[in-house]
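Have a look at the structure below before the remarks.
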Amino acid sequence: MVDVHSGQVLGASNQDELNYPASLTKMMTLYLAFEALHQGRLKWDQKLTMSENAESKEPFKFAIGAGRKVTVREAVEGIVVLSANDAAVAISEQLGGSEESFGKMMTAKAHQLGMSKTVFKNPSGLPDPEQVTTAHDMATLGVALMRDFPEEFKLFSLRGMKFRGMKLRGHNNLMYRYAGADGIKTGYTDASGYNLVTSASKNGRRVVGVVMGEKTAQIRDDKMASLLDMYLAPTAKTATVSTGTPKQTSAN
């Protein structure tokens, strides 16, 4: 749990343990998309073509078919709300030419931001044994998104979107139940377990929290809610930091 304004780690357990990010990866995909929008390399109304490669990325996607187009805004909102893998790949192919090249861009940006233990291999977070991160690094990314792109960051509070006549509901269930939560991203694969990066504010404090590797979404969300209660309380104090023993995880 990190205080956004001071950058202070309020409390942590195994914050430097290597884990698979799953769809938390898309936070970096969006960081690079927001950066490209600010630099004029992307425009919100620009059309992106869904390649056969993008269309193949199961399970969460727009599924509109290879060769069809979405706007950058639709792609960004689809990543936030639906965790759309095809949208993430479409952005990566536009900005990097390929998933592999974009993965290198993602890793370079991660290291530039101080995420020293993180390696990205693809824009979606689909399984790759070399794609790893830590809770501390993901908290760093959450704070960076909020700091560097304050207007775009508001998109992470979206609970749903309309797309081609459909109403799509978001996956971030904690935002439906926890007052003050306004983002950021969920993630899950069999190898990673249930991950969550949450931003929230209450009682004059703004925090970014990370929970990784839980057995169920309910356990993950309940744990995050308890942590937010603890660190957003009016009398909250900094807790002892337990680093644990960093370890390399493996797919299962």
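Yeah, the Cβs are placed from backbone N, Cα and C, and that goes for glycine too.
Whatever TrEMBL says is automated annotation, not expert-curated.
Quantities reported herein were computed from a predicted structural model and do not represent experimental measurements.
Taken from TrEMBL as is:
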DOMAIN    1-216  domain 'Peptidase S11 D-alanyl-D-alanine carboxypeptidase A N-terminal'
ACT_SITE  S23  active site, acyl-ester intermediate
ACT_SITE  K26  active site, proton acceptor
ACT_SITE  S83  active site
BINDING   K185  substrate binding site
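Confidence annotation: the domain 'Peptidase S11 D-alanyl-D-alanine carboxypeptidase A N-terminal' (1-216) carries a mean pLDDT of 97 in the model.
The Cβ neighbour count for the residue listed as 'active site, proton acceptor', using a 10 Å radius over every protein chain in view, is 26. The Cβ neighbour count for K185 (substrate binding site), using a 10 Å radius over every protein chain in view, is 28. Sequence-distant neighbours of S23 (active site, acyl-ester intermediate): residues of the same chain at least 6 apart with a C-beta under 8 Å from its C-beta are F60, S83, S124, G125, K185, T186, G187, Y188, N195.
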